[in-house]
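See below for the structure under consideration.
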Amino acid sequence: MSTQPAHPALLIPGPIEFDDAVLQSMGHFSESHVGPGFISVFGDTLSQLRKLFQTTDPASQPFVISGSGTLGWDLVSANLVEAGDDVLVLQSGYFSDGFADCLTTYGAIVTQVKAAPGSRPQLDEVEKALSAKNYKLLTVTHVDTSTGVLSELKKLSELVHKVSPDTLIVVDGVCSVACEEIAFDDWKLDGVVTASQKAIGCPAGLSISMFSGRAIERSQTRKTPPSSYFASMKNWTPIMKNYEAKKASYFATPSPQLVRALHTALTQILDKPLAERFARHREASDRIKKAVAELGLQQVAANPDDQAHGMTAMYLPESVKPTDILPILGKKGVVFAGGIHKEIASRYIRFGHMGVSVLDPSRNDIDKALTALKEALAECGHSKA
Ligand SMILES: *Cc1c(COP(=O)(O)O)cnc(C)c1O
C-alpha cells in the first residue's frame, strides 16, 4: 500500500503517479554534486539507461540533464543539425508540431509529412518524401500524447536506412520510453529523447536521452559551433562520460535529489524483464480500450495497430464537453486530461495509464478510473445500456 496522503489518482499522460520509494529518494539530504556518493549514483543511473534503451553499443551515449522533455528537442536541434539543413518531421499531432517549431528556431528547414488527427504518416508517404530531398535528420513522435497514436519505429527505421542511409533517425519518446518497447541498437536509431515524469515514473525535471555513436559524431563534425550553450552536447558529453566512469566533473549543477529519484525508478524498472513491463502495459491498455468501446466511445487513434499502450485518447459523446466531465471525474478521485490537438481539442479527453497505476494492483487506479468514467458519463446524460 502507498503511504502517500490520500489524493486523486493522477491519470494524465504525464506526470504520472509515483512510487513511494521514488518520492522518498527526493528527500535525500543535501550532498555535493561532485562528491563520491552522488557520482556513484549518477554513474549507475547512466548505465541503467543503456539497459532501458536496450543498447550495448559502447558508442551510444546517454544524457541526463536538468530540464523537461522539451529540452530533448533543443539538444537535437542545437547539435545534430545546422542552420539551413533539411529535416523531415513526421507529424502525428501536437508534439510533432512542437519538435518542428524547435528545429525551425535553430535554423533548420523543416518539411513535414502530415497526418490527419488520430492517424500517422504512412511508410509510402515517408519514402516519397525521403526520395525528394537529402534530409540530414528525420524525427518521429513514438507516441503522440495529443492523440494516443503510436508510430511503428522498426519498419520506419528499415525504410530510412534503405532509401536514405545518411539521414539520422530521432525519436521523441517522451510518452513511450518505459511503456513501449524501444530496441535502440536493433532498430538502428540515432536518438531517443524522453523525460522523467512520464512512463519512467520519476518527478518532472529531467531530460533523458540516448544518442548513437553516429549522432555524437555528427555533433562533433559540424561546421558551426553548437547553437545553444546549455544544450550543447560538446559541453555535456565529457560530463556524462566522466560520471559514468565515476569521476568528478562539472559543467552545470545537476539535481542530486532528482537523479536519486531517477535511479530508484530505474532500479525498480530493471528489477524485472522489460518485456514483462511492456506486456503488462499492453494488457492494461487492451482492457481499458475495450471498456471505453463498451461505453460507446470512439478512440482518437482510429486504427487499432496505431494505438499507444500507455494512454487512451477518447472522443466524448457530442453533447458532453471536456469541461463538463473532467470536474465530475475529479470529484470521483480521478484526474484525466483534456484534449490538446488543436483541430479536435474540445471533443476528447485523455486517460494516461503508465507506471505504478498499471503495475501496482494495490492502487486499484485503473478500475477506479473506469468506474468513474462510466458514472460520469451517466451523470452527463449519456449512458449506454
Ligand atoms: C510531454 C511530451 C513532451 C514535452 O515534455 P515536457 O516535459 O512537457 O517538456 C514532448 N513530446 C511528447 C511526445 C510528450 O508527451
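Backbone N, Cα and C define each Cβ position, glycine as well.
Record features (TrEMBL):
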DOMAIN    29-341  domain 'Aminotransferase class V'
MOD_RES   K198  N6-(pyridoxal phosphate)lysine
BINDING   R350  substrate binding site
For K198 (N6-(pyridoxal phosphate)lysine), nearby residues of its own chain (Cβ under 8 Å, 6 or more apart in sequence): P13, G14, P15, I16, G69, V174, C175, V177, A178, C179, G310, G352, M354
Chain-internal residues near R350 (substrate binding site), provided their CB is under 8 angstroms and they sit 6+ positions away: I12, P13, T145, G148, M311, T312, A313, M314, F336, A337, G338, G339
Reported mean pLDDT - the domain 'Aminotransferase class V' (29-341): 97
